[in-house]
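Colleague: Just lifted these from Swiss-Prot, have a look:
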REGION    104-123  region 'Interaction with CETN2'
REGION    468-487  region 'Interaction with CETN2'
REGION    634-653  region 'Interaction with CETN2'
REGION    1010-1075  region 'Disordered'
REPEAT    131-163  repeat 'HAT 1'
REPEAT    165-194  repeat 'HAT 2'
REPEAT    263-295  repeat 'HAT 3'
REPEAT    327-361  repeat 'HAT 4'
REPEAT    392-424  repeat 'HAT 5'
REPEAT    1141-1173  repeat 'HAT 6'
Amino acid sequence: MSSRWLNFHEKMIKQRMEKKVDSRYFRDGAVKKPYSPKTLSNKKSSASLGIRRELPSTSHLVQYRGTHACTRQGRLRELHIRCVARKFLYLWIRMTFGRVFPSKARFYYEQQLLRKIFGEWKEEWWVFHHEWKLCVRADCHYRYYLYNLMFQTWKTYVHQQQEMRSKYIRAEVHDAKQKMRQAWKSWLIYVVFRRTKLQMQTMALEFRQRSILRVWWSMWRQRLGQIRVSRALHASAVKHRSLSLQLQAWSQWWEQLLYAQKEKQKVASAVKHRQHWQKRRFLKAWLAYLQIRRVKRQQNEMAERLHHVTMLQIHFCNWQQAWERRESLHAHQAQVEKLARKMALRCTFTHWKHYMLLCAEEAAQCEMAEEHHRHRRLYFCFRALKDNVAYTHLQQIRRNLAYQQRGITLLHRFWNLWWSQIEKKKEREQLPLLHAAWDHHRMALLCKCVKWWLQYTQKRRYKQLLQARADGHFQQRALPAAFHTWNRLWRSHQQENVLSARATHFHREKVEKQVFSIWWQKMVQHRENRLAERMAILHAERQLLHRSWFTWHQQAAAHHQEQEWQTVARAYHRCRRLRKAFCLWRESARGLRTERMGRVQAAEFNAAQLLRWAWSQWRECLALRGAERRKLMRAELHHQHTVLLRALQAWVTYQGRVQSILQEVAAKESQHNRQLLRGVLRRWKENTMARMNEAKKTFQASTHYRKTICSKVLVQWREIASVQIYYRQQEDHAIWEARKVLARGCLRTWFQRWRDCSRRSAQQRLQLERAAQHHHRQLLLEGLARWKTHHLGCVRKRLLHRQSTQLLAQRLSQTCFHQWRQQLAARRQEQQASVRALWFWAFSLQAKVWATWLAFVLERRRKKARMQQAFQAYQGQLLQEGAMRLLRFAAGMKASRQQLQAQQQVQAAHSLHRAVRHCATLWKQKVLGRGREPQPLAPITPSRKVTFEGTLLNRIAAGAGDATLETKRPQAPWSQGALGRLAAREPHALEFNTAHSSRKQPRRPHFLLEPAQGQRPQKLQEHGLGMAEPAGPSLTHPFLAEAPTAPVPHSPLPRALSSAPGPKQAPTASTGPELLLLPPSSFMPHGAAAPARVSAQPATPRHMPQVPPSLASVPGPHPLLPGDFSGIGAGPRLSTAGCLDLEAELEGIQQQLLHYQTTKQNLWSCQRQASSLRRWLELNREEPGPEDQEVEQQVQKELEEVELQIQQLAEELQAQRQPTGACIARIQALRQALG
């Protein structure tokens, strides 16, 4: 037995370790938010420490059952696989998870609860472990059948999960593409809008500089600003491109990592859910059985308690009645004692109250007299002496009255004491009568209680006889019938519980699936919203930087002018302040002289007042202090005399220099005052000594009188209290002896009755316990039989589940390691190729930027007439070619989408077939026991590469001409017409265009196709244009000429049909010498990269021209795609008549939009001119001159004319808004039809 038990104990420990390791492998379904590189470096150490604590140590290896590894080599191979899998799993957990998740804490809490419950269950299950081992050995042949069924169900579940996974992946890919398109469009719209704003600000700065500053200064500043802007734009373009490439690579890597994590987490969650379900089911059955046992025990205990409680209540009621009588007697005696105490206290309290009232009156009168003396003693010294004498007489009279009142109170007190003693004597005489009455009442109550108790006992005996007969009848006939009915109900209830458990389990699984799907969708949405918020924050920060730079530049110039004006004004103001200060100084010097004389006179007067005040304060201090502080008063008086003498000597010397006559008068007055004060002090000292002697004598007499009275009262009170205490003790002793005798008699009777009742109850209890034990034994036998069957089923299921989890763990570890190794090699190749591509692209970008800069410098020297001609010719050709390329691109996109969808379906079917075949081979090897090694999966070929054709020099030369205007902002409003002039009449520009068209374009890697995710759906509707315009120089934003009143549009490139994804100008066959800097999205092939081209389109112009209302009713915006304008489209061609109609309609729309934009720009220029004229008038009115009146009148007239022109232009714009809306709707309808 001991050896078998040790083997079983070791097996249980191994199974627990396997559970721990499996649960830690596949725990935690939540996905952590990705950290940035900086935060990852900081959190790596803390995350590794936390994971080391949570994960099991490497010394405790997982003990798998050796089903297929019977030999030594197989075991070594299995151990090696486990170690490698555990190593890479730990690395993956440390890289992905940085903290303890709520799911981990919840799982740990549930595990601890299960451990506690299992420990309690183990103590009761200990007895039946031997039978369980025998049953398990007998039922081993049944396991293989269950294994087969379990694997079939698991295989169907895996197929369903793979199908669901493929559907989810397709939906996520489609959603990601749509969001990437919207984010890229909104970003390009933001770039276009920002550039137009910057162009308007530069025009405003130029106008102000030309009107205020000198011409040469403005020319120099303009050149310097262009150089700085070009450098800043170049740096920002390179930086932005590198950041976008990094973000795209990171997003692709993160998607692959999330996909691998999803698969692992789903498998782990399925295993964990199955384990929890089995444990809960077993524990519910066991807890129900325990609950039934507890209920029966509680019922028996409640019956016994009721019997004891009833008996105790009967005896307690009798005892309580006797106790209440005794308490009433004690309470009556206590009330009598309280009344005596209250009488004595009341007498003393009235005496003390009268004395305190007298003291309070004396204190109040003293305070009133002192306050009166303080207020009047300065001017009425002699009257104060008379008042003091009168006050002493009045005090003597009041003391006499107090003595009389005290005698009266003492008489009252002695009268009350005498009266209370007489009352006590009367009470003592009547005490025997009271005791006789109380004894008679007590005996009568005892007789009544005895009669009632006898009647109650007779009734109780009769009831007990009836109850015994009824219990016998119940045990013979009703109890067996009730037991059979209860047994039937219990069985039916168990069946209902089983059915309800199955229903709840099915419902719980369904709800968990729904909750998991909803949670997963929310997590994906939350992640996408986070990325969108980050993109929006970056855009907002850049916009704020640009705004702050331009505002600072404007404010610096204004601040410089204001500083110059302020320096002149400050110099003039300083001179005026110096003059005013000199005048004020002269006046103040005169005033100071007069003030000094007044101060001297005021000081003399103040000294006299201070002397009087000091003498008065000294008198008050003498009056307030008593006999104990006389020495201190004399010292203070001597010190005050000395201080006053010194002050008087200083004051006399000072006044002797000024006026000698005043010194003599002051000395005589001081001597006279001293003599008067000495006489007053002598009289006051005599009076105070007499008053103090009288007060001492009166106080001694009063204290002696109080002591004698208190001693007499205490002697009388002691005598009375001792007599009362003696009487009470005698009464208490008699009552206690009587109660003692009664209690003994009651206890004897109660004990006899209790002994009889206890015998009867013990016999009944023995019978009931025997019946209950017999019934419990039968129930336990039935319950144990059912529990054994249920436990055997649970054990079989648990063993099957463990083996399935082991199979899953081995398969996942192998597949994860192979896939990780292949993905690592593919990533390294992709990184190297992307680095090379970025290097070549940077060289080509630099060359393109220099080429475009030279072209713009040449084009600035052309004239307005040639630019307009080139613009008209280019506009016609662009409209013709744009419509054809739009139609071609729509057909090509449809074909490429169908081809991509077919390829994805074929790949999904192939991967599903491979996964099913691999699972089947693994299952055969592990179930049938073959020692063959599993074949490795086919290597995953990396599908994303970056390659370039030709040598390095050819690539750099080919990339030098593709520079776009996306990374370079326009420096002046007239610089965008340069390309049109080159296209029209420059021979060297035509040669440059032919070289550009014949050059090959480099390909772009697939992982750089998708930009950062983000959503800005509402941005397209705020501008009122939907997605009607790709990025490029807008139709609605032609630029003004130098004259502000009649601007001419200089931009020859309309935006409605441009081919670049940023603000660039599309090349055509006729005007092809324009230089383009293409983005990396144009380097990809036409088949696989079509979705990325679609996502790179911007879509918000400001205004569109008028279109007929019949065409504006077609709904649904769709963006124009740039690939049709530069690539080769495959699809059907339209007829010549349809193309001509479409071109004519687009030309009309373009003309309406150009007219609307020119009127808008005229309005802006007029508003700027009006604001500058108002500013000039304000500056001129601050410092008016006689010659500036005529100029102000002329400027005022010009301002009125400009305001009239502004009103007219505003009305025209208001009238043109409806036609432009119709044009926008028409363009959207065309785009939807062609898309």
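The backbone N, Cα and C atoms fix where each Cβ goes, glycine too.
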Colleague: Three or more CB pairs closer than 8 Å, sequence separation of 6 or more: does that hold for the repeat 'HAT 4' (327-361) against the repeat 'HAT 3' (263-295)?
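Modeller: By the criterion, they do not touch.
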Colleague: Which whole number is the mean pLDDT over the repeat 'HAT 1' (131-163)?
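Modeller: It averages 76.
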Colleague: Can you tell me how the residues of the repeat 'HAT 5' (392-424) break down into helix, strand and coil by DSSP?
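Modeller: Breakdown, helix to coil: 33 helix, 0 strand, 0 coil.
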Colleague: Same-chain Cβ contacts of the region 'Interaction with CETN2' (634-653) under 8 Å, 6 or more residues past its ends?
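Modeller: Contacts with the region 'Interaction with CETN2' (634-653): 607, 611, 614, 618, 621-622, 663, 666-667, 670.
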Colleague: How do the residues of the region 'Interaction with CETN2' (104-123) split into helix, strand and coil according to DSSP?
Modeller: 20 helix, 0 strand, 0 coil
Colleague: DSSP helix, strand and coil counts for the repeat 'HAT 3' (263-295)?
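Modeller: Tallying H, G and I as helix, E and B as strand, the rest coil: 33 helix, 0 strand, 0 coil.
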Colleague: What does the DSSP secondary structure composition of the region 'Interaction with CETN2' (468-487) look like, as residue counts for helix, strand and coil?
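Modeller: Across the region 'Interaction with CETN2' (468-487), the residues distribute as 20 helix, 0 strand, 0 coil.
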